[in-house]
Amino acid sequence: MNAVLKLLHHIQVHFNFRVLAGDIGFNVHTVFLNCINELGTDEQIAKWVPLAQNYNIIGTYAQTELGHGTYLRGLETTATFDMSTQEFLINTPKISAMKWWPGDLGRSATHALVLAQLYIKGKNYGMHPFLVQIRSLHDHSPLPGITVGDIGPKMGFAHVDNGYLFLRNIRIPLQNMLSRYSQVLPDGRYVKRGSEKINYFSMILVRVNMIGEVVVGTLTKACMIAIRYSVVRRQSEFKPGAAEAKILDYQTQQGKLLPQLATVYAFHFLCPYLLDYYNLVHHEIKSGNFKSLPELHALTAGMKALVTEYSTAGVEVCRRACGGHGYSMLSGLPSLYSYVLAACTYEGENTVLYLQTARYLVKCLAMGQSGQSLPQSVAYLTSALSRRCQARDKSDFLKTEIYLDAFEHRACRLIRGAASKVQALVHSGLEQYEAWNSTSVELLEASMAHCQYIIVKVFVDTVEKLNSDPGIHISLKRLCHLFALHWIRTNAGSFLHNEYISGNQLDMVTEIYLDLLLLLRKEAVVLVDAFDYTDEQLNSALGSYDGQVYQRLFEWAQKAPENHQVNSAYEKHMKPLFHSALSKL
Ligand SMILES: CCCCCCC/C=C/C(=O)SCCNC(=O)CCNC(=O)[C@H](O)C(C)(C)COP(=O)(O)OP(=O)(O)OC[C@H]1O[C@@H](n2cnc3c(N)ncnc32)[C@H](O)[C@@H]1OP(=O)(O)O
Ligand SMILES: Cc1cc2nc3c(=O)[nH]c(=O)nc-3n(C[C@H](O)[C@H](O)[C@H](O)COP(=O)(O)OP(=O)(O)OC[C@H]3O[C@@H](n4cnc5c(N)ncnc54)[C@H](O)[C@@H]3O)c2cc1C
């Protein structure tokens, strides 16, 4: 029954996110709750999860400090085991150790999962999660030894109270360290089960969830707004003497928006793939099998980086495609942009995560080259590379095997190239870390290429497996083709390298890409409406279903507070100036 309730709760939270456009507060309270579910013992889950689920307590995930967000081994908050009292002392030793950024911390949270370096008898055992009450449940005041507040204005996320937390030797019971995989025994012995990095595990679920619940939905809404607006907005003479054209009839507008629409579908299909794999590995880990954890980390780290980066760029393309009205807050697009932009930084800064994936790819390549079998998502690393793209005619680029081979070849080439450069630099006398840093730009590009190959492959596989209506199927295939060919065109240099794709073949790609734009132009509105966000969820004067853009812009503008306030600047400064001109006019 518990599994069913959990599933129902997840579905309810998912639809709350969807209905409230993801702008609900307490996102990090969910992170707090999930972390207890993943790293807590059954007893800790039984005690804390119902309280959190019923909002009898509000939690935050307090990991980042003023001085460290990325480098977790550098976190300075300490948790020192006091065997005489069977407690941990949680302490902020210096200002750079102050927790800074945790969401829901500034004004809401009563409890925090504080990620701190565990010390037992002077030895550091690394970062562990400690459950610390920070505010009174009676009057919400900070508890003794706690200094907590809001970090102030940010570029977006105004609806989240990101906060700071200073802890002065706060005592918590031994039972408050989440101990499913690592435990401190009353006599001070430390017991670890599974991976060294298991306490990093909860970040994986956040990365998977944020892609599905925050990032893809944001790009979807931006596409819906911009495409609906582009069939309402008429501008300029298309045919001399005829009526002004709908801006979506311009090939350039199609070239801006339809690849974003295809990207929405690609990322939409990626989400279940990632969640299914996460659930599979999480199930294995709970039974003590940690073998797939590195692959899961590498996959989700790279995907979080790539999906947030392309979604952020895509929302901005949609915003700019709406001209001046895209700059109005009433369009809803600037808010979508500042909302999704943060996702490139939180839950792992993108560059750092791409390099985590690169680290795994280089390791797997070495394993493959030494004859070891490779995990499924990287098995292609040891495949024989075809020398040339086999396309003979533009229609060949509508064959998924043709462009999949291009993505596989490119990823392989870039990973092998970066790995051998690191090796060569080491052989030339550089230390491993120097060689790695001197290759990290290429390693990042290799990591991106790997992620792009996986995403295109998941899109192709998903469409092939879908037994949908033939009309829907052809539309999804066209979107898949457009998505892949858009990425080939916008990354052309790395496909043209060593003549894998010739210049002539690239021209074929462009030709078939433009054909697809024309075909998908006819279906664009239906394809974007399919995501079925209501006007309330879109919250956009440009994207409402009835297309009454100008009426809505004017109506909403009239409601702006600026139009209902006394114009103090006039009374104080402008009026005397204007009146002095009266006698002269
Ligand atoms: C639903 C949406 C809600 C959204 C709300 C979210 C609000 C935001 C919350 C936050 O931002 S919480 C804070 C997030 N912070 C981070 O993500 C920190 C990112 N930094 C790191 O993960 C690590 O510091 C690092 C980048 C991995 C570097 O750490 P370290 O120096 O220790 O690593 P390496 O020496 O490179 O060794 C890596 C080693 O560890 C394995 N590993 C790394 N991360 C994980 C992980 N998450 N899970 C499992 N394993 C991990 C990695 O595979 C390497 O293993 P080996 O190669 O050594 O075998
Ligand atoms: C809106 C928002 C919400 C957040 N919510 C939370 C939360 O709830 N809980 C929480 O704990 N944290 C939260 N954070 C903090 C967030 O997790 C960190 O900001 C993030 O992990 C990046 O770390 P940093 O700020 O130290 O950046 P840095 O790592 O200092 O990044 C600065 C630059 O250094 C580069 N860099 C750093 N390390 C390396 C490396 N090894 N190799 C190459 N380049 C490197 C980065 O690529 C980047 O260009 C939030 C942040 C934001 C913006």
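FYI, residue positions are counted from 1 along the chain as it appears here.
Here the Cβ of each residue, glycine as well, is placed from N, Cα and C on the backbone.
Per TrEMBL, these features apply:
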DOMAIN    17-58  domain 'Acyl-coenzyme A oxidase N-terminal'
BINDING   Thr64, Gly103  FAD binding site
DOMAIN    200-362  domain 'Acyl-CoA oxidase C-alpha1'
ACT_SITE  Glu347  active site, proton acceptor
DOMAIN    401-578  domain 'Acyl-CoA oxidase C-terminal'
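Features as recorded by TrEMBL, highlighted on the structure.
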residue	record	contacts (Cβ under 8 Å, 6+ apart)
Thr64	FAD binding site	Lys99, Trp100, Trp101, Pro102
Gly103	FAD binding site	Asn27, Val28, Val31, Thr60, Tyr61, Phe157, Val160, Asp161, Asn162, Gly163
Glu347	active site, proton acceptor	Met203, Val206, Arg207, Met210, Lys304
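Helix first, then strand, then coil: DSSP counts for the domain 'Acyl-coenzyme A oxidase N-terminal' (17-58) stand at 28 helix, 0 strand, 14 coil. According to DSSP, Thr64 (FAD binding site) is assigned to coil rather than to any helix or strand.
Annotation note: Glu347 (active site, proton acceptor) sits in a coil segment as assigned by DSSP.
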